[in-house]
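Peer 1: Before I ask anything, let me first share the structure, which is written out below as structure tokens.
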Amino acid sequence: MKTNKTMIKILIMILISLNSYVFAQIQQDVIKEKIKQQVLSKTDTIVLKNIGIEFQRQYNANKYEAIEYFKQKGYLIKGPGIELQGFSNGRPIYYITYNRIAAQTVRTDAVWSSFNLDGSGIEIGLWDEGAVYEYHDSFREGIYGPRHVFFIDSTGSEVSEHSTHVAGTIVADNDNYNSKGMADKSVLYSRDWNAGFVEMTNAAAGLDPNFTTPLLLSNHSYGQNPGWVWGDLRNSGTNAWYWMAEDYQNEDPNFGNYHDSLTFNIDLIAFNAPYYTIVWAAGNDRGQGPEPFTSHWVWDGEKWVSSTSYHPKDGGDDGFDCIPPEGVAKNIITVGAVDDIPYGYTSPSDVKQINTNFSVWGPTKDGRIKPDIVANGDALYSTLPNNLYGNTIKGLTASGTSMAAPNVTGSLALLLQHYKNTHNNTVPLSSTLKAIVIHTADEAGENPGPDYKYGWGLLNTYKAAQLISQDQNNSNAIQEILLSNGQTYTLNDLYNDGTQPIKITLAWNDIPPSNSQTGPILVRDLDVRLYKNGITYYPWVLNPGNPGSAATTGDNTKDNVEQILFQSPGVGLYSVVVSHKGTLSSSQMFSLIVTGFTSPFVTFNLKQIGNDNQTFGQAAYWDNLSWNYVQPEQPVTLSIAQHHFLSTQDFRPNTYEKFNHWEDNLATTSDWYRNWDTIGLRASINLVAARFIPKYSNVIIKNSLEGTVSTGDSLNFSDPWLTDINEQPYGLRNQGLSAPFKQRPSPFYPDYTTSYYGDVYKGVFLNQGLDWQPPYYSVKADAVQDIQLQQTGRTHRFYFQGWSASPLGSAEFQYPNALETPVVFKQEGATVQANLKGTQLSNNSNAYSKGNQRKFV
């Protein structure tokens with residue numbers, strides 16, 4: 001019987017677990033279907049399907065012709081990290097991997113726990129040299145769990161170290177922490193690079209059955225090989241240098257060039273699939289090549305021939321303008337490489353290209369900013385075939401933009417997950433994701449703003465995730481807008497409180513150019529401007545004629561990314577306007593990110609708080625020419641400006657607690673100690689509170705005349721908390737640090753009840769003005785004072801000698817020998833006294849004597 005009961009319990013637990021799993025799976029299917037419909041609603045599937053067919057035709061014809069020709073010549077068709085793709089303008093084109101013959105650097109590790117992100121629910125495409133070793137232990141959930149990396153080509157490609165290493169950088173599990181991928185719970189589908197444009201097009205259109213939604217993100221760590229190539233392209237058994245341009249050309253014109261059949265195709269896919277983010281490695285060509293006049297090989301139109309013509313190293317003397325055609329595309333994220341920053345970014349000087357001095361620099365031929373972003377590409381440790389790990393590929397250090405790109409791709413998978421989690425299971429446009437990454441990048445380079453070395457800066461995944469979170473409560477933070485011909489988009493009355501910079505980033509996917517050789521590459525030129533009081537603030541611009549110069553501001557007519565940074569804005573209202581030049585043949589989607597502004601209003605609580613931290617009574621704020629009284633729990637909303645606040649009670653009922661200061665989590669001002677305060681509100685404020693603390697009455701302030709009784713003598717006392725001004729319409733208030741000295745008879749008792757010409761002091765606060773930081777009480781004596789003594793019945797002259805306290809230490813004086821000094825009452829029962837000394841009365845028969853000793857009185 002007991003066994004049966006146990007079995008029933010186990011069965012019930014299994015059924016509950018099964019039902020939970022089924023319910024969770026149904027939820028995931030609903031989310032995926034929602035995303036699929038969202039993406040397809042703006043994806044031109046008909047165009048994509050047609051261009052996919054055309055890409056396939058072009059690829060088959062071009063590559064087949066090239067392979068057949070090279071077979072006849074006996075030249076290299078495929079080798080380690082290199083493969084023939086066809087001909088362009090009569091010259092052979094090879095694809096090569098971009099690794100050179102991570103997470104802490106870009107702060108991706110910070111979002112794993114802070115935002116609970118692991119890439120779950122995100123599918124990633126990987127196109128690379130060959131097959132990923134999909135059976136690696138780090139590509140499955142636990143030891144026996146399901147795999148999340150798949151090679152889905154049926155081409156029989158060999159397993160590639162490069163492809164496996166790249167895949168691990170993106171999605172490797174935490175089996176080996178040093179090789180943990182950026183998004184270790186994402187699912188990755190891998191193909192080789194042959195017919196890549198065809199496959200990318202089908203996946204983006206939702207026509208690839210391996211993906212549950214149209215493809216949102218893919219990585220490409222390879223590209224064409226302009227300039228110099230080291231290898232054995234003749235299949236001779238000996239490596240040599242090959243010059244891939246014409247022999248008469250000093251520089252390969254394909255660097256920075258918008259290639260009609262490469263760059264154009266990439267932008268065409270991205271424009272028609274606006275949710276598809278394509279990440280492409282920038283390339284490793286900078287500085288590559290032999291010394292001038294070294295013997296090398298060059299293509300003469302039919303075969304490789306020997307040459308000793310002069311060709312500088314890729315990038316020339318200054319290193320600029322050496323980006324291969326794929327990275328030139330407008331609508332992708334082109335990734336450069338930087339050295340590892342093991343302890344994380346702290347300043348622009350941390351971003352270096354010493355070990356990564358191969359990473360290519362812009363500009364493009366038309367002057368656009370490339371690369372877009374940089375990430376760690378320095379000896380990354382990752383997965384390798386046969387369940388191995390390491391930071392070498394084919395015996396060489398695994399450094400390169402090939403490693404930087406998957407660093408970014410995996411990080412973007414986390415950001416897609418975070419956006420989906422925080423935006424009702426929707427996904428951003430690829431231009432939005434690009435704008436987020438650019439907007440939050442860490443500054444790199446010698447000068448503020450973008451440059452042709454590091455693009456817009458170093459990827460900062462943590463700041464990007466923060467921005468996505470902020471968008472939940474700030475409708476202006478991230479926007480996706482459709483702009484029609486002749487239309488402008490305006491954001492008015494944006495308030496900046498003067499404490500934070502204003503930053504605006506505009507990005508859009510642009511139409512590929514109709515003629516990339518003679519016409520402009522930027523087809524639809526959108527503009528963003530910032531306005532305040534008739535002044536216009538412009539976005540960053542770079543000068544391609546002087547590529548090493550610092551960014552300035554002006555009209556950017558080249559890039560489909562624009563950014564305005566106003567580092568030290570003044571307080572006030574601003575406007576942001578997005579417009580376009582020329583004519584739009586159809587509406588244009590754009591992504592806009594705006595930060596640095598706050599609501600011109602702030603909501604907070606207004607309270608009176610006692611020494612026990614309990615609220616009581618009502619405080620008030622001045623509005624519409626009257627005091628408005630509020631309960632402690634009632635929120636108050638006021639404009640971000642200066643406002644008056646009133647502590648309505650001078651004393652807390654049934655206690656000896658009196659108003660002491662305001663607490664408003666702002667900078668301390670002299671107004672803090674007046675029960676009627678003027679506060680300049682800021683967006684960060686959440687509480688304005690009048691703080692009450694106890695006062696003590698058994699304190700005496702007097703002149704000290706040893707052994708005598710005096711009448712008519714006085715001293716002066718300043719009390720910052722004495723409520724002594726009835727100023728209409730604001731009412732009775734104290735004067736704080738402006739409190740005057742008031743003459744008082746000696747001895748003077750600032751107790752709870754005694755009135756001095758209407759002033760009731762109600763005791764003193766203890767320990768006010770420690771370290772002589774105001775506010776504090778002050779006492780003041782006269783240097784010379786004529787005082788009548790009861791012993792003599794006459795008036796005598798007395799001189800000030802200094803201040804003292806009784807008992808010793810019960811009060812402290814900042815200047816004990818000065819006529820005027822701040823005083824801190826340290827304990828109850830303190831007597832503060834001005835010590836006076838009179839004239840010598842030895843020859844006066846009426847002198848008071850004691851013990852036959854003459855006295856100074």
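Count begins at 1; order follows the chain as displayed.
From the backbone N, Cα and C atoms, a Cβ is placed for every residue, glycine too.
Annotation comment: TrEMBL describes Asp128, His162, Ser402 as active site, charge relay system. According to TrEMBL, the feature domain 'Peptidase S8/S53' maps to 120-457. Residues annotated as signal peptide in TrEMBL: 1-24.
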Peer 1: Give the distance between the Cα atoms of Ser402 (active site, charge relay system) and His162 (active site, charge relay system), rounded to the nearest whole Å.
Peer 2: 9
Peer 1: Taking 10 A as the limit, how many CB atoms besides its own sit near the CB of Asp128 (active site, charge relay system)?
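Peer 2: So the Cβ neighbour count for Asp128 (active site, charge relay system) comes to 28.
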Peer 1: Write down the Cα-Cα distance for Asp128 (active site, charge relay system) and His162 (active site, charge relay system), rounded and given in Å.
Peer 2: 8
Peer 1: Look at the active-site residues His162, Ser402 and tell me which residue has the greatest number of other C-beta atoms within 10 angstroms of its C-beta.
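Peer 2: Answer by Cβ density within 10 Å: Ser402.
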Peer 1: Can you see whether DSSP assigns Asp128 (active site, charge relay system) to helix, strand or coil?
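Peer 2: Assignment for Asp128 (active site, charge relay system) reads strand.
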